[in-house]
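Undergrad: Okay, these came from Swiss-Prot:
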type	residues	note
ACT_SITE	Ser181	active site, nucleophile
ACT_SITE	Asp253	active site, charge relay system
ACT_SITE	His315	active site, charge relay system
Amino acid sequence: MPVVHCSSNLPITPYIYERLVYFIKASSISSCISDNLLLVNKTFNDGGCPPHINFCNDEIINPTAGQTVVELVLNAKKGELGSGYLAVDHGKKVVILAFRGSTTRQDWFSDFEIYPVNYSPLCVKEYRKLIEEGKIRECEGCKMHRGFLRFTETLGMDVFKKMESILESFPEYRIVVTGHSLGAALASLAGIELKIRGFDPLVLTFATPKIFNSEMKQWVDELFETDAIEKESILKDEIQFRKGYFRVVHTGDYIPMVPPFYHPAGLEMFINKVGLPQNAEDIEYRGKNNRLTLKDGFREGMSGLVEDWLHVYEHRAYFIDVVGCSGL
């Protein structure tokens with residue numbers, strides 16, 4: 001596959017394209033949690049995830065399926081938010097924390113609780129220590145989407161303890177936190193908590209709704225060193241993709257454009273082709289240059305219930321058709 005240069009003159013390399021496709025598939029299988037089809041302490045191709053999913057059992061499609069172990073499954077209880085799973089791909093030397101998109105009634109309810117509330121991290125002790133040591137500044141005036149902040153109320157410490165245990169055994173492994181739509185918003189918040197606890201994850205989200213006010217957007221970009229990663233990428237003419245906060249957005253998908261009074265953080269990659277398949281030449285690296293507007297996301301003649309709008313083709317078509325616990 002040739003290296004494709006974007007309008008920003010930064011290339012979408014075969015490595016980056018492969019990573020994007022791999023992690024949207026890893027994100028998508030989180031939908032199988034609803035049917036209790038992800039099993040702990042098993043590899044993907046040995047019952048860890050459903051055999052009807054090619055990504056789980058076909059080593060041509062996923063060569064490291066037999067080396068990827070499901071370590072923890074987060075199944076949100078009634079009234080809670082945040083189903084997902086933690087897995088380790090020993091072939092790629094990566095720890096994956098993936099969150100499920102909107103599935104339950106509570107998920108839908110949280111999607112629409114859009115009024116802003118004051119941000120407060122889960123890891124308050126670690127947060128205060130970083131401020132006292134001068135490593136980060138306090139997130140003054142920071143507000144975010146109420147529905148998604150509910151996640152910090154239900155995200156248990158089990159995830160962090162398990163991750164610490166894994167990285168003690170495999171200190172050279174990288175962390176990737178990922179999700180689609182609601183799962184992308186939760187991945188963003190989990191990534192912030194991991195940074196506060198001293199980890200250095202790559203947060204890679206797909207179809208992320210806007211969740212931060214302007215003050216928090218700036219603070220999140222500082223936390224993830226967005227400016228430094230952007231500058232280094234331009235200097236080296238190569239996207240630095242081992243850590244930081246990256247958002248993948250699809251043309252015609254209006255979810256990343258709402259709510260209009262919030263702001264996106266991180267570095268953007270834009271899929272400019274509507275239909276599948278989408279290849280490297282269909283991806284534009286935009287970085288911090290967010291050019292999306294709300295009107296760009298709506299098609300003429302679009303009608304129906306809001307829940308129908310959230311499942312339009314453009315919102316699902318991110319290298320694969322992201323819809324339920326499907327074949328991938």
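Cβ coordinates are placed from backbone N, Cα and C, and glycine is handled just like the others.
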Undergrad: Given the active-site residues Ser181, His315, which one has the fewest other C-beta atoms within 10 angstroms of its C-beta?
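TA: Least crowded of the active-site residues Ser181, His315, by Cβ count within 10 Å, is His315.
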Undergrad: Which number gives the other C-beta atoms within 10 angstroms of the C-beta of Asp253 (active site, charge relay system), all protein chains shown included?
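TA: A 10 Å sphere around the Cβ of Asp253 (active site, charge relay system) contains 23 other Cβ atoms.
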Undergrad: What's the CA-CA gap between Ser181 (active site, nucleophile) and His315 (active site, charge relay system) in angstrom, rounded?
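TA: Their Cα atoms are separated by 8 Å.
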